[in-house]
Amino acid sequence: MHPQDACAAPRPDPVSPGQAGRPVMPALPTPLPATDGAARPKRPKRRTGPLRILVVDDTPANLTLARAVLDAAGHATTGVGDGAAGVAAVRDGTFDLVLMDVRMPVMDGLAAARAIRALPPPAGAVPILAMTADTMPSEIANFLAAGMDGHVDKPIDIAALLARVKEAAAIRRGQ
């Protein structure tokens, strides 16, 4: 086949047998927005090994998928099902990153992010990424105003998730 014929070649069906009904995942990560640093507490440098990541999501399938991807990448994960449990976990534990769903019962992700930011360092300085399908510019502005550092799109794209985790790790480590 000649290179110019590649576009004419039949493409496989994007939904393989047994895959119908599974979420379609976006292909491109969204870069973290630049911040002036004045609105965020000073972040201490952390170790360079695997990250300790808290995943907060009320949907068991999303929680399981995110944790499985991160665990397979060598990170240590903890999962909880609502924002209040997320705040308690951050207050009582040591995490390098929080992945936070936005729409949850008990306490939503924005209220949880504000509560985490009110904690003393280092807990209050942990990077927080929203994990959400709400990616309109006004929604992203709300995430940032609540103290989140960026977002990861849902449905979860594995490559994008891992890239965002790496970027957030650089923020945490002061790089």
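Heads up, the Cβ atoms here are built off N, Cα and C, so glycines get one too.
Copied over from TrEMBL, here are the features:
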REGION    1-49  region 'Disordered'
COMPBIAS  40-49  compositional bias 'Basic residues'
DOMAIN    52-169  domain 'Response regulatory'
MOD_RES   ASP101  4-aspartylphosphate
Once near-sequence residues are set aside, which residues in the chain of ASP101 (4-aspartylphosphate), 6 or more away, have Cβ atoms under 8 Å from its Cβ? VAL56, ASP57, ASP58, THR59, ASN62, GLY109, ALA130, MET131, THR132
Across the whole of the domain 'Response regulatory' (52-169), what does the mean pLDDT come to? Round it, please. 94
Give me the DSSP three-state residue breakdown of the domain 'Response regulatory' (52-169), ordered helix, strand, coil. 56 helix, 24 strand, 38 coil
